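Scroll down for the structure; my scribbles are underneath it.
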RNA sequence: GGGCGCAUAGCUCAGCGGUAGAGCGCUGCUCUUACAAAGCAGAUGUCGGCGGUUCGAAUCCGUCUGUGCCCACCA
């Protein structure tokens with residue numbers, strides 16, 4: 001961009017007629033970073049404002065959802081920075097354990113290798129390489145978007161410092177008895193070969209087959225149904241309801257389990273629903289969570305029949321079969337023995353899948369590490385209940401409570417290689433030692449570190465304080481914790497938000513943030529979920545290249561209604577690009593006419609009604625936008641700015657001021673100052689959403705250093721209802737005459753002789769502007785009015801020097817007349833209704849009276865216009 | 001099975017008790033001295049159905065239908 005900032009407000013700057021984002025965005029961003037605008041200083045006297053980035057996974061590049069989230073956070077932090085806060089937009093990325101490991105494993109697979117070919121150490125090295133690459137891409141995308149993050153504070157969940165935080169918390173929780181190791185049924189992914197937590201399970205309705213099996217011999221038989229026949233090899237009981245008379249005679253007996261040569265007991269357990277199926281349930285404690293619970297209650301044996309890959313381990317003819325092969329093989333074998341009493345029937349049921357690879361999960365008995373959540377979850381719930389943390393929008397609060405109030409212990413160990421290794425050493429005689437960050441692990445023969453790594457959300461849960469240097473007592477921590485706001489998607493409420501709440505309250509004894517502002521998911525233009533399999537995903541870079549970052553940002557902000565999903569289509573980005581271009585050209589025009597911010601704003605008495613009107617509207621807009629920002633109403637504030645800028649400033653104020661500017665002199669100088677003011681403030685207001693175009697124009701207009709560090713506008717309190725009313729009338733007259741011209745088929749540029757009767761009205765001052773807008777020439781000697789348009793106390797008489805289309809006009813007016821009459825009748829009806837008058841608030845009654853007045857005025861106007869029509 | 005939400009103009013959505021709104025799209029006329037990525041004018045909705053509350057309901061209540069999401073130990 002041009003560097004003519006010093007003299008720019010004295011001479012019209014040379015700006016091209018079209019805004020080309022690519023020319024300005026990159027260099028501007030680098031300049032902002034170089035000048036250190038985005039850094040945050042713990043020693044600052046300013047009040048802090050902190051938002052941490054929801055750390056993107058280093059699994060590739062950012063998608064539109066990230067761009068959306070970043071736009072919102074950037075807008076919030078840019079505004080706060082302008083408001084004088086010591087603002088920290090903490091950047092960083094997440095190692096994303098299982099997700100990243102899977103991505104790199106897929107890369108390896110392309111080379112025909114598995115992670116086992118490399119071994120743990122080499123594999124992890126390989127993931128670090130991938131991290132460097134992915135992280136670079138992500139940072140590049142963030143720069144393109146214009147994110148004002150403190151790059152000097154960039155963090156990664158597996159940095160030394162953050163790893164230290166992980167180890168510290170683990171040790172503390174271990175010592176407090178909040179972390180323990182236990183063998184339980186967990187969700188096991190036979191492809192990823194790891195346990196996953198309950199919330200990493202995606203349930204889908206799958207088509208299964210229900211088979212009914214007969215267990216036992218002779219009179220002691222019972223029929224059970226199952227969709228997972230292969231697990232019968234591990235059955236160690238049949239359970240029935242204690243009150244179920246059908247099976248009373250069997251309770252306590254042992255019956256024959258087919259194919260195995262074993263006998264199993266029939267136990268009574270209230271978990272069984274006698275109404276469901278046969279009322280008898282096969283019990284496989286090693287491969288089903290409910291059965292495991294039954295097993296505990298009845299002291300049943302747990303027999304594992306599937307290995308970690310889902311392959312049958314039980315001895316016998318089925319050994320080595322995959323679980324799905326085994327399923328049909330076992331059904332076939334049972335059929336051969338006459339054990340199938342009801343043929344397979346289709347059965348749709350909910351089946352858990354790995355949220356990372358979609359593989360059908362296998363519930364599996366396994367020794368894992370757990371977090372005891374009870375006290376942590378209670379504290380996390382209380383912090384919201386007592387208002388220390390606000391959830392926005394509020395209707396998501398219930399969902400949060402439902403979760404934290406009904407939480408099961410959290411399985412935190414993963415049988416992966418990429419992640420924070422569990423800081424526990426196992427000794428040769430079964431000893432277990434948890435090692436803190438400053439302690440030496442036990443050495444000697446037989447001591448080994450636990451091979452598991454932690455759930456990736458363990459480290460993400462520490463993010464609001466681990467990024468600030470915890471466990472050291474840093475100045476950053478003192479200044480920037482708790483964070484002000486957390487901006488994230490509602491899909492992360494359980495994975496991340498609730499965990500941050502638990503960890504923050506536990507480790508810091510303080511909430512992690514004051515407000516959680518949930519956003520929705522970005523969808524395509526038809527509201528469909530974006531996914532690679534639908535082929536409707538968008539790389540934000542493509543749209544930024546085509547339309548500019550500002551256009552993408554504005555589109556995303558404009559769609560951001562709290563907590564609700566955001567559909568976005570390329571057409572909409574185009575429309576935002578058009579808006580940016582409109583701002584560009586309006587500013588160009590303003591500067592060509594000498595718009596300036598130099599000198600004091602003239603006092604109200606020196607201003608025209610037009611100037612007072614726009615300043616009144618400007619300040620009202622400042623107030624509106626501020627209120628909307630404080631309520632995270634991005635869509636509404638973007639819309640308010642769009643309409644204020646485009647409709648009011650560009651389409652009306654600029655147009656109404658053109659004659660003033662052309663006339664020159666003192667009036668032009670005053671208007672140039674007002675226009676400069678309006679532009680200045682409007683650009684400031686728009687800057688957090690569209691930082692690039694506003695920065696370019698604002699520095700040119702004002703010669704100021706940068707909008708990034710400029711002051712956020714305050715409502716001066718200036719309002720002028722009279723001027724607003726006056727301009728409303730001007731708009732009404734202009735619109736009515738334009739309508740007439742258009743209906744009469746006059747070309748927009750065609751000049752028409754006209755006589756304006758404005759005497760005695762405030763409109764007289766606007767005659768020149770109205771004539772210019774309406775292409776009305778002075779009435780000459782042989783002026784002969786062919787149409788007379790009375791509007792709001794004024795009359796515009798036009799000489800079309802020829803016949804007008806009387807019928808078209810009569811038709812139009814007749815229609816308008818009918819509408820006005822209807823309006824009048826409605827208003828009269830209301831005002832004649834005693835119940836209404838008695839019960840309606842005065843405000844509403846006044847409104848109806850106003851409506852009646854308008855309708856009556858319209859009737860007078862339209863009747864006069866009809867009367868003025870030439871006879872045919 | 002439980003819970004939450006949504007059904008408003010062709011599309012995507014605001015409005016949530018007092019005359020139906022926006023963006024895009026559509027129609028017509030214009031390169032009118034910033035912008036055709038523009039300007040001006042215009043058309044389009046018994047606000048899902050049915051009941052109820054109210055002086056008044058797109059807005060509150062009930063119910064039905066359709067649709068989406070979250071949670072759950074569906075053998």
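Placed from the backbone N, Cα and C atoms, the Cβ positions cover glycine too.
Among the features that TrEMBL reports, compositional bias 'Polar residues' is placed at A:1-10.
The region 'Disordered' annotation in TrEMBL covers A:1-23.
Positions annotated as domain 'Aminoacyl-tRNA synthetase class Ia' by TrEMBL: A:28-435 (among others).
What TrEMBL records for A:56-66 is motif ''HIGH' region'. When averaged over the motif ''HIGH' region' (A:56-66), pLDDT in the model lands at 92.
Taken from TrEMBL, the feature domain 'Aminoacyl-tRNA synthetase class Ia' applies to A:446-566 (among others).
Sequence annotations record features per position, and here TrEMBL assigns motif ''KMSKS' region' to A:529-533. Packing against the motif ''KMSKS' region' (A:529-533) from elsewhere in the chain are residues 63-65, 521-523: each is 6 or more residues past its ends and has a CB under 8 Å from a CB in it.
Sequence annotations record features per position, and here TrEMBL assigns ATP binding site to A:532. Under DSSP, residue A:532 (ATP binding site) is assigned to coil, being neither helix nor strand in the three-state scheme.
Residues or ranges marked as domain 'Methionyl/Valyl/Leucyl/Isoleucyl-tRNA synthetase anticodon-binding' in TrEMBL: A:611-753.
Sequence annotations record features per position, and here TrEMBL assigns coiled coil to A:803-865.
According to TrEMBL, the domain 'Valyl-tRNA synthetase tRNA-binding arm' annotation covers A:805-869.
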Within the motif ''HIGH' region' (A:56-66), residues counted as helix, strand or coil by DSSP: 3 helix, 1 strand, 7 coil
The domain 'Aminoacyl-tRNA synthetase class Ia' (A:446-566) versus listed stretches A:28-435, A:611-753, A:805-869: most Cβ pairs under 8 Å: A:28-435
For the domain 'Aminoacyl-tRNA synthetase class Ia' (A:446-566), residues assigned helix / strand / coil by DSSP: 52 helix, 22 strand, 47 coil
